[in-house]
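Trainee: Before I ask anything, here is the structure I am working with.
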């Protein structure tokens with residue numbers, strides 16, 4: 001019984017370590033959770049971020065416009 005319990009504990013610890021490693025990789029993945037949007041006076045497409053007050057850092061956004069409680073961010 002003790003060996004089986006110890007084996008379960010080892011497997012559980014290994015699962016936690018691998019899950020934490022996957023979360024660290026996912027944090028740095030270049031994945032945007034934005035949809036397409038257009039602002040008045042802009043010809044190209046922007047990224048619509050839902051229920052955000054400002055554009056997120058790290059995507060190179062330079063201009064923006066507000067669409068209700070959402071924000072449309074434009075790179076470069």
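Just so you know, glycine gets a Cβ as well, placed from its N, Cα and C.
Sharing the record's features from Swiss-Prot:
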{"type": "SIGNAL", "residues": "1-19", "note": "signal peptide"}
{"type": "DISULFID", "residues": "37-72", "note": "disulfide bond"}
{"type": "DISULFID", "residues": "39-65", "note": "disulfide bond"}
{"type": "DISULFID", "residues": "55-73", "note": "disulfide bond"}
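Could you place the listed features in the three-dimensional structure?
Mentor: According to DSSP, residue 37 (disulfide bond) sits within a strand segment. For residue 37 (disulfide bond), the same-chain residues that are 6 or more apart in sequence and have a Cβ closer than 8 Å to its Cβ are 45, 46, 47, 48, 67, 70, 72.
On its own chain, residue 73 (disulfide bond) has 34, 46, 47, 49, 55, 56, 59, 61, 63, 64 as residues at least 6 apart in sequence with a Cβ closer than 8 Å to its own Cβ.
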